[in-house]
Amino acid sequence: MIIDTTKVQQAINSFSRSESLKEVYGLIWLLVPIFTPLLGIIIGVLVIVWLERQISAGVQQRIGPEYAGPLGILQALADGTKLLFKEDLLPSRGDILLFSLGPSIAVISILLSYSVIPFGYHLVLADLSIGVFLWIAISSIAPIGLLMSGYGSNNKYSFLGGLRAAAQSISYEIPLTPCVLSISLLSNSSSTVDIVEAQSKYGFWGWNLWRQPIGFMVFLISSLAECERLPFDLPEAEEELVAGYQTEYSGIKFGLFYVASYLNLLVSSLFVTVLYLGGWNLSIPYIFIFIPELFRINEVCGIFGMTIGIFITLAKAYLFLFISITTRWTLPRMRMDQLLNLGWKFLLPISLGNLLLTTSFQLLSL
């Protein structure tokens, strides 16, 4: 039997011109901007886990992971695969609906925060005029998932851990908000893209780090507390609460809490970069003027400039990650009363005073 290649080619061409194939292409190009950042975020979390293991090994003067891949870089992937195949146990007298929804709410609410983060020039999922406040609103949902997990477990340790997570989030979300308000006042915008571009004019000296040093320190401490990292990991203190709200969990649901923790750490690092460290911009004054010109030359130059922006953003974010990981293995855990006193009696008055000073200077400069 001889195949007529001409007819086959005609059939392929007619299929490629069909409306159904155009709809498939449209759907693919619609999903690409969504799944590309998602893949990047997952890779970023894997790198954070590897970095934490290596840094903790160095601090404790021991050898870190070295068997799963070169230099142990696949260790996090191996741990996730192990948890994926473990049995998913459910508490016999717990609320199964709340128990199952808790980890999902914690992860999804943090993933939504990435939609307003500019990774580079023209590289943001949603450039909203209320970008930073949307992040604050969305990040307030995650403790609800932790509280649901603790309550649905029907375990006293889990419930206490959920209550601690909610109390800690409220205590440090409030001082963090005036710091963001101060940055919005300086930039005359609440858009994350506008905030980055407002820091671009004078290069390194235009960063909000130098104009808001007090706000930067308050934001840094509040971000660590929001991520529940040592010395602020009271909701899952092993010596007091076994594992806190995670006590009754196993399998992939248990792994989701760790994913949420590292996702939150990465998003906090990126917001420190965007708000205080100039985002995707280099430390060269007026360099931002030439970035749009790269896109006008040709697409290759534009993609090259965008890649450099992504690299700069991640380099600054991983600097904050290094500080937070080192802090975890350096400082001891605080008591619950010390944690609340630090948030309500120390950080909140300082952040409000910083906001008052910023508002006064902005009014005087009009």
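Heads up, the Cβ atoms here are built off N, Cα and C, so glycines get one too.
As given in Swiss-Prot:
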- 28-48: transmembrane segment (TRANSMEM)
- 105-125: transmembrane segment (TRANSMEM)
- 128-148: transmembrane segment (TRANSMEM)
- 250-270: transmembrane segment (TRANSMEM)
- 271-291: transmembrane segment (TRANSMEM)
- 303-323: transmembrane segment (TRANSMEM)
- 346-366: transmembrane segment (TRANSMEM)
Interface check, the transmembrane segment (250-270) with the transmembrane segment (105-125), three or more C-beta pairs under 8 A: yes
Dominant neighbour of the transmembrane segment (303-323) in 28-48, 105-125, 128-148, 346-366, by Cβ pairs under 8 Å: 105-125
Outside the transmembrane segment (105-125), six or more residues from its ends: residues with CB under 8 Å to it: 33-34, 37-38, 40-41, 131-132, 134-135, 138-139, 141-142, 144-146, 148-149, 192-193, 196, 256-257, 259-260, 263-264, 267, 270-271, 274, 279-280, 291-292, 295, 305-310, 313-314
